[in-house]
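A short worksheet on the structure shown next.
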Amino acid sequence: MMDRLKQMNPVFLVLLLLFVAIAILSPYFLQPTGYMNFLKRAAPIAILAVGQLYVINSGGFDLSAGALVTLTVIGSSILLDGEASATWWVILAMLGVGVTVGTVNALVVSWLRVPSIIATLGMMITLSGIALTWSGGAPRGYLPENFRFFGRFLIKDLPLIKILPVAVIVMIVVCALLWWLMHRTNYGKRLIAMGDNPKAALLAGVPLTQTRIVAFAMSSISAVIAGILLGGFAGVSTDVGVGLELQAITAAVIGGAQLLGGRGTVGATIAGALVLQAMFTLLNILGFPKPVRDVVQGLILISAVVIAGYRRRRSGG
Amino acid sequence: MSGEIVFEMKAITKVFPGIKALDRVSFTARAGEVHALAGENGAGKSTLMKVLSGVYQAEEGAIFLRGKQVAFYHPLESLAQGVSVIYQEFSLLPDRTVAQNIFLGREPVRRWGFLDAERMRRETQKVLALFGDRHRFGPDTLVGDLDVAQQQMVEIAKALSLNAKVIVMDEPTAALNDTECELLFQLVDDLRGQGRSIVYITHRMREIRRLADRVTVIKDGKVTASFDEVPETSRIIEAMVGRDIGHFYPEPAAKDDIGAAVLTVRGGGNSRLFDIDLDLHAGQITGFAGVQGAGRTALALALFGAEPFETGEVSVEGRRVTLTNPRQAAQAGIAMLPGDRKAEGLVLMQSVRDNGMLSVRAFSRALGHPDKSPIATLDQMDKAFDAFDLRAASYEVEIQSLSGGNQQKAIVARWLSLDPKLLIFVEPTRGIDVNTKAGIYAQMRKLAQNGAAVMAISSDLPEVLGISDRVLVMSDGKIVAEFGHGASEAEVMHAATEAHLGLEAS
Amino acid sequence: MKFQRPRNLTGLAPFLLLLVAVAIYVGVAVATGQTQYLTAENLLGLLGRSIALGITAVGQTFAILIASIDLSVANLISVAAVLGSSIMSGDPSMMLPAIVAVLAVGVVVGLINGLIITQFEVNPLIATLGMALVLQGLLSAAFNNFAGEVPEEFQVFAYGQVGGVSISLIFLIGLTVAAWVFLRFTRAGSKIYSVGGNPDAAKLAGMRTTRVVILAHVICSVCATIAGLYLASRLRSGAPWIGRDGVYDLESIAVVVIGGTALSGGRGGVWGTLMGVMIFSLIDSIFNLAGVDAFAKQILRGVIIVAAVAIYAMRSRRIEA
């Protein structure tokens with residue numbers, strides 16, 4: 001029993017402690033509207049973090065995710081400009097953009113051998129450039145109700161939980177699919193093996209380029225989905241995605257994912273995203289100004305890596 | 001010929017976890033002589049020299065330098081006393097100049113920490129002058145622009161600039177071609193002429209004949225012979241290998257067991273291989289012998305598509321195949337068990353099961369369940385592990401916690417699940433203790449008996465001879481000789497080095 | 001380690017890229033009939049527009065040479081700008097204390113970065129990213145608008161001229177020369193190359209590699225704070241968004257890499273970095289001449305960064321193999 005406890009990922013314990021702290025400080029959090037609101041806010045970052053985990057497990061980084069969120073919001077609002085009937089094909093088009101962006105990232109890494117951090121950095125600059133050019137620097141157009149439905153609609157009058165935001169359903173569905181792909185398919189096992197030791201994976205027959213393309217595409221698709229949610233509840237702005245890629249990496253690292261690949265689970269990454277969001281909520285309740293979030297995020301990012309390294313060395317791994 | 005004793009190592013014993021690497025080894029070196037330290041891979045040659053330089057500390061025994069007992073705890077300390085070791089892995093910086101490399105970490109400075117570049121260049125010139133005009137590079141040449149032989153000269157120059165009295169060279173010709181070798185030999189002659197003491201580590205007979213004044217042979221961590229002058233080659237080889245290998249290896253295949261050719265290569269070649277004609281038969285273990293750099297590993301990599309053939313054709317069971325990447329090779333029924341398990345075989349952070357299942361998963365439907373592949377299920381993999389007597393606390397533990405032998409079993413299980421027609425074993429028992437070796441040999445034989453063609457590449461010659469039904473000898477990228485089971489080590493080694501001996505005579 | 005290096009070109013590549021950029025610049029100027037921009041003075045002036053990037057990139061070169069990286073420079077620039085400007089508060093007598101305080105902050109941040117990387121073995125990307133977030137948070141907690149005021153005496157740094165050449169340009173070139181002399185002619189400089197190129201060989205040769213890593217990070221951070229002081233001088237006050245808006249973290253890395261310094265460490269130098277800065281300024285100017293939209297510029301910039309790194313990565317393929 002003690003052994004199992006020791007082996008358990010500490011992120012779950014941290015999350016529990018944070019929830020308890022928040023609940024004590026703000027009983028509102030125990031109401032369905034309280035925790036559902038919390039989950040709704042956490043949904044985009046959780047989705048982004050799990051997408052990012054695909055790239056991290058493959059041994060890379062995806063810094064272009066935040067810019068892709070912005071592009072999704074800006075692009076959708078310009079394309080739609082309130083035209084509700086176009087919502088579905090715009091969403092499809094945006095997912096297509098996501099697949100393209102991910103594929104380009106992966107091919108630049110695989111074929112041109114550019115380190116993923118530089119490749120996705122270039123993509124990030126390019127995507128924000130496209131978003132700015134397209135919009136002319138200020139948000140234009142607006143998103144119709146049926147597009148904002150995903151981010152903002154609440155299903156009401158449910159038994160037990162009373163309300164259920166659509167964003168939470170989206171989060172659960174997307175994360176479940178990504179959990180399945182990572183942990184219950186051959187693809188996921190190939191991905192993790194490739195991040196662990198690309199040479200051994202290659203010599204065992206794993207198709208590296210194909211595996212990498214899917215990993216980057218998953219990250220980009222999750223960015224598009226996060227963008228659709230954020231467009232729904234935060235509205236259109238040109239800085240909606242700024243810094244989200246770092247939050248996603250931070251969440252994955254808090255969840256114990258190993259940078260440069262080979263170790264990291266979807267469940268722990270979701271927990272990491274919730275820890276990050278809970279930390280922000282707690283700081284808010286305690287009345288700290290918003291900027292303190294950054295300081296805390298920076299400190300936990302470093303500490304998570306230090307602690308993970310320490311645990312690994314101690315266990316002799 | 002021989003001058004005063006420069007250093008003396010007495011009854012050195014060095015123990016690593018689970019293995020006695022050196023057992024009461026004594027070694028003496030005199031000024032103005034080349035003392036060859038011979039032995040097979042893993043005999044303990046390099047370990048002995050690492051004890052001398054202070055990389056390792058011996059458990060027992062003593063080292064005397066010019067009559068005074070010394071103990072080194074860091075290579076810097078032995079360097080300061082005039083002992084330089086040139087390892088096979090050079091410690092050079094490719095983007096720095098020759099002079100900067102030679103003075104790495106001890107750059108002469110003037111005031112304010114400014115480099116005395118003039119002095120560095122001057123002293124480098126002076127050292128390089130010792131090479132006559134053979135080096136063809138100057139103090140300001142970038143090391144990355146030099147070829148391997150020249151890089152080695154930089155390492156030697158580094159030793160000379162420290163005014164090393166003892167220079168240890170660890171298999172210095174491993175990556176050199178014949179012309180470069182001859183150049184190196186001349187340099188060694190010069191160094192001897194200057195009254196320095198050279199310890200020359202090698203397992204190549206022709207180098208011993210060409211250079212050595214004295215020879216000490218070690219095997220399995222013990223000195224098996226020490227000659228004050230170079231004896232007949234056969235006596236050195238005997239001391240290097242003479243062990244009882246009888247019961248260690250499984251019985252060879254009977255004639256009837258050997259089936260049709262599984263893999264055929266005609267005229268295969270690339271930058272490291274030439275005119276390879278090869279037939280590998282079902283039921284037969286074919287061993288490949290040859291010195292380092294002879295092309296054995298290159299052949300394995302070519303067959304596995306990792307460094308493909310550029311010319312010639314390959315067929316598997318009579319069908320032409322293209323082997324340009326490992327995935328194609330695996331699909332054609334070829335499996336390779338890499339020599340460097342950690343770097344090329346294992347996904348270290350994953351479980352034993354994940355390591356075993358890796359190839360199954362690589363060749364199953366991407367979205368299929370990882371444990372229920374039609375190729376092999378996890379249950380079948382577990383049974384394979386059981387059958388191999390793979391010992392682990394649980395099959396869920398990370399594979400890095402297992403011993404080398406058990407790791408090897410997991411990789412064998414990985415490939416067997418694909419039912420390969422040809423298995424290429426590269427250094428199958430490297431880093432595996434003696435007791436486990438027999439089990440791996442038995443397994444290789446069993447694979448052959450079950451109808452696979454097996455290819456065995458190893459730098460451990462007795463191993464190649466013991467396990468193989470047929471031995472092919474490679475040299476300079478070509479297959480130069482073939483022997484049946486029961487060939488003697490002497491004749492194989494002779495064939496492996498014959499090309500060189502011929503050159504030497506001319 | 002035995003290596004075969006792709007011959008020649010290595011040092012030349014940034015220079016060739018620069019020539020290409022100049023040629024395109026001239027071509028576009030001629031084609032669009034804007035030949036009045038084709039004076040030597042104007043070309044030098046291009047560099048003058050990128051002083052802050054230049055100073056930061058010279059520092060970043062040190063971090064990258066030891067195979068590390070620093071993502072905290074942009075926010076450190078902002079910290080330096082608002083801190084310097086606040087301490088000065090328009091009072092010339094406070095100039096010296098302000099400069100000393102700001103440089104001290106640079107030293108401390110560099111030390112912390114270096115210590116986290118060497119003592120806790122944290123990946124430099126994460127360590128400096130964490131530092132960037134911490135600085136960003138502290139900054140936005142304390143300031144949300146222009147802070148303090150830079151006295152006229154200090155504005156000389158950005159606007160002063162000596163013999164027709166701007167002081168800031170002279171400073172940048174002086175800094176580059178100093179960095180070059182340090183790297184090329186001192187023992188400490190040699191150590192930076194050695195530790196970056198082959199840490200094992202450096203250790204074997206008896207070097208204390210952790211000190212070298214820390215030193216490089218201190219130099220990098222101090223350079224960033226100097227860039228912050230320059231920007232405060234230029235804007236006549238410190239703005240908390242100045243570093244982020246300039247994307248100095250990513251741009252400094254990009255120009256260092258385009259300047260031929262290897263991300264894997266041990267190869268390159270500050271002159272290449274300066275050429276990288278010029279190439280970036282030229283690209284900007286070319287877009288201006290050609291009337292490319294400001295945002296489209298950014299798109300092309302991203303593509304150019306990746307393309308440049310790809311060229312280097314392809315060329316060094318053989319080393320990896």
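Cβ atoms here come from the backbone N, Cα and C positions, even for glycine.
No curator has checked TrEMBL annotations; they are predicted automatically.
Annotation source TrEMBL lists transmembrane segment at C:12-31, C:51-83, C:95-118, C:124-144, C:156-183, C:212-232, C:253-283, C:295-314.
Long-range contacts of the transmembrane segment (C:212-232) within its own chain (CB-CB distance under 8 A, at least 6 residues past either end) are made by residues 51-53, 55-56, 58-60, 62-63, 65-66, 68, 70, 72-73, 76-85, 99, 102-103, 105-107, 109-111, 113-115, 117-118, 150, 154, 157-158, 168, 171, 175, 188, 191-192, 195, 202, 238-239, 242-243, 246, 248. The listed stretches are C:12-31, C:95-118, C:124-144, C:253-283; of these, C:253-283 has the most Cβ pairs under 8 Å to the transmembrane segment (C:51-83).
Here the transmembrane segment (C:156-183) has Cβ contacts under 8 Å with residues 44, 47-48, 51, 54-55, 58, 61-62, 65, 189, 192-193, 223, 226, 229-230, 233-234, 269-271, 273-274 of the same chain, all six or more residues outside its ends.
Residues 37-38, 43, 258-260, 272, 275-276, 278-279, 282-283, 285-286, 289-290, 308, 311-312, 315 of the same chain, all 6+ positions outside the transmembrane segment (C:12-31), place their C-beta atoms under 8 angstroms from a C-beta of that stretch.
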